[in-house]
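Q: Dropping the structure in here first, questions after.
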Amino acid sequence: MSPWPRWHGPAMARLWGLCLLVLGFWRASLACPMSCKCSTTRIWCTEPSPGIVAFPRLEPNSIDPENITEILIANQKRLEIINEDDVEAYVGLKNLTIVDSGLKFVAYKAFLKNGNLRHINFTRNKLTSLSRRHFRHLDLSDLILTGNPFTCSCDIMWLKTLQETKSSPDTQDLYCLNESSKNTPLANLQIPNCGLPSARLAAPNLTVEEGKSVTISCSVGGDPLPTLYWDVGNLVSKHMNETSHTQGSLRITNISSDDSGKQISCVAENLVGEDQDSVNLTVHFAPTITFLESPTSDHHWCIPFTVRGNPKPALQWFYNGAILNESKYICTKIHVTNHTEYHGCLQLDNPTHMNNGDYTLMAKNEYGKDERQISAHFMGRPGVDYETNPNYPEVLYEDWTTPTDIGDTTNKSNEIPSTDVADQTNREHLSVYAVVVIASVVGFCLLVMLLLLKLARHSKFGMKGPASVISNDDDSASPLHHISNGSNTPSSSEGGPDAVIIGMTKIPVIENPQYFGITNSQLKPDTFVQHIKRHNIVLKRELGEGAFGKVFLAECYNLCPEQDKILVAVKTLKDASDNARKDFHREAELLTNLQHEHIVKFYGVCVEGDPLIMVFEYMKHGDLNKFLRAHGPDAVLMAEGNPPTELTQSQMLHIAQQIAAGMVYLASQHFVHRDLATRNCLVGENLLVKIGDFGMSRDVYSTDYYRVGGHTMLPIRWMPPESIMYRKFTTESDVWSLGVVLWEIFTYGKQPWYQLSNNEVIECITQGRVLQRPRTCPQEVYELMLGCWQREPHTRKNIKNIHTLLQNLAKASPVYLDILG
């Protein structure tokens, strides 16, 4: 037998991996300077003998210096200088520590290319002076300088100023040696003629017309005499400056409209610090229509446009050359404003063939005007076959409607655009016949649909063969959907072929084209559903009821080896048809595969007789939404007796990071939740939160769902634009929902967009508006929410990064779990 197979398999893969790791460390060690050790991200030089005399540099063609994030140097008495080019190669450097060494001098530009540097520790060195110019471009979190023999001079007064104005290095006891060689606390240091500079501009605001020129003057003062410079940011217009001691001027010529709203700053800087004064530049210019496109259909018809102008242009629409008087049926909507740019649309509510025609937009302000025209076609005239009669006039430009009210389609006898009365009569008869035929067809289709719904009742799990995995509706323990590579025929209609029971009626759900059926081969090969004896289940009381059946609190015996009995939640199956049983077993297999500390645990099934039973972990405190409301500022309104303790910020962060952990797991298993909300999370002992529900939430939280076409239920307040508009559900759409869950947590369970109707919510979300920051929410968490609510799915934050950020915030704020009593 060939020995070759012995070099394959997991064992050999691990061996090769170990060899590569050892090789990497060996290669790194060869590139290290003497007395130093290196890894791919770290350099440390702590051996005093023989020690180093210069800042450590890596050998060429060895470790990539850009990957080094930390350098530690200690006990190097012969290291005295950091030159300008010593650190420039370490562009990824975050932490620099040089302690108990001989460092005396740091070049001004030593850290010029180290923009990622956050922590510097120069404790117990030989520094006698250190300029703020070393660090002014860095966003440092820590600068530790204790134990250095600083000389009391104006050169170090900036450290005193820093202590007085910033958090770091205020915890340090810094001293300097005075002329008598005595240690003087830096906090008490007084140096004559050594203070902060000042900068003053003539005016805080500046308004100028496009194409003109302007000069901005600035005066500075201070002792030591400051240097004056201008910070113009990304100014587009041509500019030049002149400075002389305490005066400076900035000349801007041929000013561009692109510079409107920008800030220009005059900066004065000396040894002690800096001061600046800023002016806001406003540029006035004539309007231009930069974008006008054919109408698009969403929840309303929209003719999109973009207009630039300052002051804000007045907008006027014309329809077929006549002024269009706006009304509730047709009006201008501005969706996004960016100082001088306005993005919006002419919104039309259910336009007909009567609204077909030419639409002209005119934008006008005191500096000029601009206009553009677009032809719009919404639908053909009823009763006309354009394929057989292509020459028939599609758009009749006479005033069949009055522009003041697009909804008024009353014809006036003297305005009929035809001179042939007989032809007009024939067309009217044709229209009547068409309406009768259409009405008959619609009535027949409705009758067929009712019969199909009557005959095609599905199981409580809302699944049909391999096309569904775990139902999106309330009939399963968790509305999860698995992504796989099987085949399925997607349905794009409002009433998809699948039907699930919500409440007491069958409701069709939309089949999602992005996800396909899972095959048996994709289940884990070791999937084993635990079967529980019926005599081991003792019902205690009813917890609730959904369309699938009832949920009970129960005691289950012999389930865990370490406990004689435990409390569980059992879900019963009311429908005992063959299809329901097949779906029941399939869901049980899938739930068995979902094992995570923040997913409600599925114990197994009981199939001895009827009803069929699923056994789940019991979560003592119920769903998270009720829990949040019961522990919020309004709890006193709902509580009987003493109101519960209000949740703290740290406890809310603890809840949030647990939900994020569960979502990370679901994403790793290629599951999309599609209905993540606090109502679908459960709370147990010691503030333990898990994702999962028992199919009752849509009865209790019916106002959280929006009926589409009278049937389909969608949680639109938790859905991103692509899910609302295109029924597209992905891990990224779950990230959006997670952002809304964070908002729910920090508002103590308020309904998102509670002040708006469902239609208004759809409009807000599709137009790019987001929820406001809750009063109790830290800015870091709100920025995380905004990262979840990016319009483009690929720009949203990664679910793993969200979990890591929440974990770090939660660790920084210890949690006290006595809230549950």
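For all residues, glycine too, the Cβ spot is worked out from N, Cα and C.
Under the heading signal peptide, Swiss-Prot lists 1-31, citing similarity to another entry as support. The domain 'LRRNT' annotation in Swiss-Prot covers 32-61. The feature domain 'LRRCT' is assigned by Swiss-Prot to 148-196. The annotation domain 'Ig-like C2-type 1' is assigned in Swiss-Prot to 197-282. Residues or ranges marked as domain 'Ig-like C2-type 2' in Swiss-Prot: 295-365. The topological domain 'Cytoplasmic' annotation in Swiss-Prot covers 454-821. Here Swiss-Prot flags 474-497 as region 'Disordered'. Marked as compositional bias 'Polar residues' by Swiss-Prot: 484-494. Annotation comment: Swiss-Prot describes Tyr515 as site 'Interaction with SHC1'. Among the features that Swiss-Prot reports, domain 'Protein kinase' is placed at 537-806, with the record citing sequence analysis. Summarising the annotation, Swiss-Prot assigns active site, proton acceptor to Asp675.
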Q: What residues elsewhere in the chain lie close to the domain 'LRRNT' (32-61), defined as a C-beta under 8 angstroms and at least 6 residues from its ends?
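A: Apart from its flanks, the domain 'LRRNT' (32-61) reaches 24-25, 67-79, 81-83, 86-87, 89.
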Q: Residue counts in helix (H, G, I), strand (E, B) and coil for the domain 'Ig-like C2-type 1' (197-282), per DSSP?
A: 3 helix, 52 strand, 31 coil
Q: By the DSSP assignment reduced to helix, strand and coil, which category contains Asp675 (active site, proton acceptor)?
A: coil
Q: List the helix, strand and coil residue totals of the domain 'Ig-like C2-type 2' (295-365) as derived from DSSP.
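A: Its residues divide into 3 helix, 46 strand, 22 coil.
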Q: What is the pLDDT of the domain 'Protein kinase' (537-806) when averaged and given as a whole number?
A: 87
Q: If you run through the domain 'LRRCT' (148-196) with DSSP, how many residues end up as helix, strand and coil?
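A: Summed by class, the stretch gives 15 helix, 8 strand, 26 coil.
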Q: Please spell out the DSSP helix, strand and coil residue counts for the domain 'LRRNT' (32-61).
A: 0 helix, 6 strand, 24 coil
